[in-house]
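Quick look at what Swiss-Prot lists:
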type	residues	note
TOPO_DOM	1-46	topological domain 'Cytoplasmic'
TRANSMEM	47-67	transmembrane segment
TOPO_DOM	68-83	topological domain 'Extracellular'
TRANSMEM	84-104	transmembrane segment
TOPO_DOM	105-170	topological domain 'Cytoplasmic'
TRANSMEM	171-191	transmembrane segment
TOPO_DOM	192-206	topological domain 'Extracellular'
TRANSMEM	207-227	transmembrane segment
TOPO_DOM	228-236	topological domain 'Cytoplasmic'
TRANSMEM	237-257	transmembrane segment
TOPO_DOM	258-287	topological domain 'Extracellular'
CARBOHYD	N259	N-linked glycosylation site
TRANSMEM	288-308	transmembrane segment
TOPO_DOM	309-317	topological domain 'Cytoplasmic'
TRANSMEM	318-338	transmembrane segment
TOPO_DOM	339-352	topological domain 'Extracellular'
TRANSMEM	353-373	transmembrane segment
TOPO_DOM	374-409	topological domain 'Cytoplasmic'
TRANSMEM	410-430	transmembrane segment
TOPO_DOM	431-441	topological domain 'Extracellular'
TRANSMEM	442-462	transmembrane segment
TOPO_DOM	463-468	topological domain 'Cytoplasmic'
TRANSMEM	469-489	transmembrane segment
TOPO_DOM	490-495	topological domain 'Extracellular'
TRANSMEM	496-516	transmembrane segment
TOPO_DOM	517-742	topological domain 'Cytoplasmic'
Amino acid sequence: MSVQEDGAARPEPDVLRRHDSLYGDAEKVSNNKRHGAGGSWARTLQLAFQSIGVVYGDVGTSPLYVYSSTFPNGIKHPDDLVGVLSLILYTLILIPMVKYVFIVLYANDNGDGGTFALYSLISRHAKIRMIPNDQTEDANVSNYSIEAPSSQLRRAEWVKQKLESSNAAKIALFTITILGTSMVMGDGTLTPAISVLSAVSGIREKAPNLTQSQVVWISVAILFVLFSMQRFGTDKVGYTFAPVISVWFLLIAGIGMYNLTVHEITILRAFNPKYIVDYFRRNGKEAWVSLGGVVLCITGTEAMFADLGHFNIRAIQLSFTCVLFPSVALCYMGQAAYLRKFPENVGDTFYRSIPAPLFWPVFVVAIMGAIIASQAMLSGAFAILSKALSLGCFPRVEVVHTSNKYEGQVYIPEVNFLIGAASVAVTLAFQTTANIGNAYGICVVTVFSITTHLMTVVMLLIWKVRLPFIAAFYAAFGLAEFLYLSSILSKFAEGGYLPFCFSLVLMALMATWHYVHVKRYWYELDRVVPAAETTALLARRDVRRVPGVGLLYSELVQGIPPVFPRLVDKIPSVHAVFVFMSIKHLPVPRVAPAERFIFRRVVGADAGAGHRLFRCVARYGYTDQLEGAKEFAAFLLDRLKVFVHEESVFACSRGDNDDDDAMRRAQAMAEEEKRVIDAEAERGVVYLMGEANVTAAAGSSVMKRIVVNYVYTLLRKNLREGHKALSVPKDQLLKVGITYEI
């Protein structure tokens, strides 16, 4: 039986749709087990320990610079310390603990977190992606589980309808998502700079002759080593992260208890929030400005959510409440107690408050902790960009998977070079942690605010929470983050401009790439080749059937791409087995190999002059790794034979079940076709790719011509080529040039 495809997407009977899928019972595949999803308490404790090294390096090293950034001009009143300590404690409780640990972590996408995970979660419940490549079979992927809005809660259905019908809403959600990604990239630039510089600055306590410039160059040397080692990944040294950060937490907690006992235990009254009110009454605008330093105590909080895929919710909740919060709270309280007696040392509080015998051990662990914090932030930045790349939101770059044991550990050489150069430049330009902190805070709070807005959509659309709770969530966290952001923006001219400029450039690149990507897809979709024209092309006298298997890649998941007629015109030959191949990334973290492919027959041997034409969509999640070309082709052809077999079984089941001769003929034809596929595979596989030159159509605006003809073209020519991303051997590659005017 031959299922013809007329080029345009058309509704199909349910039974036919089921048959057209490669795996008839894909919906029966059990949901993939996430790493650390559930399990025994022993396993949870193990994951909680491991998470200490991966998740908390950044927030755990914040005590190195929070007080110096909060009081850049010194402490004017002794009780200001109590007010700031109270702000620090309640900021730690409100945002990392209440918001992230006990609310946001539950909005994960099959165990994965982060800004893109929230966006993909929303996009599965409402069609907000701008590329129309949704297919009915996608819902059968086990990780694609969704809960339709309840009929009892019309609000969720109303929100869904508004999101799907409003281009402005789609663009707004996409914009804040790429803004969050851009800010995380800024975070990846500033975290190494501020963490390493603040840790190295402590050496001046024992070597006072060192100038600040020399400290900066020592920091630059460490940064150079850090970024040079990224290509090796964290797999080989990752096992040391948790012990080192655990030792760090024990040290800062112990030193904090020591300072509390020796200097002023009464600083514990900071748990009374009235001291926050007194602090603002006493200092007014200066107290508001100081919030930009206070917020640095929660840098790295987003990592708890972004790195969720490697752990589980219980593990992170346990490690935060039992290890991180007590340790850093004791550290901040101890520093405040020390500063009550020695307020003149606020510029270097951390190292001045360390008992003399512990200085060198703490200094060494601080350097290691700063490097680990930087490494964790960089790994997270690479992972987020990898997700953006798979969803068509970032230009093609090389993604190197650095671990065979742990998924999600990737390294992107081009991005590593740019972030490394930017981090070194920031360190050399700003010189002090106080100046870098002005820029750092903007990245941190902007990501917090974006998560709050996306979480509000999740609550409305997916969780279907009662409105009073949603209003309370948005008001509490939205107001707090607005206050912090407004404070940081007051330092725009003192370094706050840096992440804005960085993010604007990165957003412009991402938006340009995605805009042309969408326009190109629509251009191809509007010009799909009808099945009748395909059959006519194959029937031409000058078109020869050549041995082997041809895989023609395009982004279309429905219809024959317009590059095919051009290929036949230029090279009047078609392979005996020809597959129109599409690589599609679903808004889910992973797709099981058993659910990878969807096949449809385009033209059978009887109608195609001996050619066998198929369409295939290979589906991947945004954390999945593409196989090498050889392995991919072998797996593809193996599953193609399964499809041929299932097609014959389905054809027999629709006919007269008593006609044994017909069944035998159908089975014999299927066996013959499988033999043909094997024989042609032995003759070799050729990969064909359309090399599209995209230009702005005549009459386009000046801005569109600049974006398409210059910016996009520059990106496309200077970044990774498509065949390299698919690991296609050059001796098996054939490119077909074509021009699209969009």
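Sequential numbering from 1, following the chain as shown.
Even glycines carry a Cβ here, placed using N, Cα and C.
Through the fold, the transmembrane segment (84-104) approaches residues 59, 66-67, 70-71, 113, 267, 270-273, 275-276, 279, 290-291, 294-295, 297-298, 301-302, 304-305, 316-317, 320-321, 325, 328-329, 332-333, 336, 448, 451-452, 455, 473, 476-477, 480-481 of its own chain, all at least 6 residues removed from its boundaries and within a Cβ separation under 8 Å. The largest share of C-beta pairs under 8 angstroms with the transmembrane segment (442-462) comes from 288-308, of the ranges 207-227, 288-308, 353-373.
Counting same-chain residues at least six beyond the ends of the topological domain 'Extracellular' (192-206), those with a Cβ under 8 angstroms from any Cβ of the stretch are 58, 61, 64-65, 215-216, 218-219, 222-223, 226-227, 348, 350-352, 359-360, 363, 366-367, 369-371, 373-374, 377-378, 423-424, 426-427, 430, 432-433, 436-437, 440. Tertiary neighbourhood of the transmembrane segment (207-227): same-chain residues 192-193, 196-197, 200-201, 367, 371, 374-375, 416-417, 419-420, 423-424, 427-428, 431-432, selected by CB-CB distance under 8 Å and a gap of 6+ residues from either end.
Recorded stretches compared: 288-308, 353-373, 496-516; the one with the most Cβ pairs under 8 Å to the transmembrane segment (47-67) is 288-308. A simple way to gauge crowding: the CB of the residue listed as 'N-linked glycosylation site' has 26 other CB atoms within 10 angstroms, across all the protein chains here. With a cut-off of 8 Å on Cβ pairs spaced 6 or more residues apart, the transmembrane segment (288-308) and the transmembrane segment (469-489) reach 3 or more such pairs and are scored as touching. Most Cβ pairs under 8 Å to the transmembrane segment (353-373), among the stretches 171-191, 237-257, 410-430, 496-516, belong to 237-257.
Most Cβ pairs under 8 A with the transmembrane segment (171-191) among the ranges 237-257, 410-430, 469-489, 496-516 are made by 496-516. Long-range Cβ contacts of the topological domain 'Extracellular' (339-352) within its own chain (Cβ-Cβ under 8 Å, at least 6 residues beyond either end) map to 63-65, 67-68, 71, 74-75, 78, 81, 198, 201-202, 204-205, 263-264, 267, 359, 362-363, 366. A Cβ distance under 8 Å defines the sequence-distant neighbours of the topological domain 'Extracellular' (258-287), meaning residues of its chain 6+ beyond its ends; these are 76-77, 79-87, 89-90, 330, 333-338, 340-341, 353, 355.
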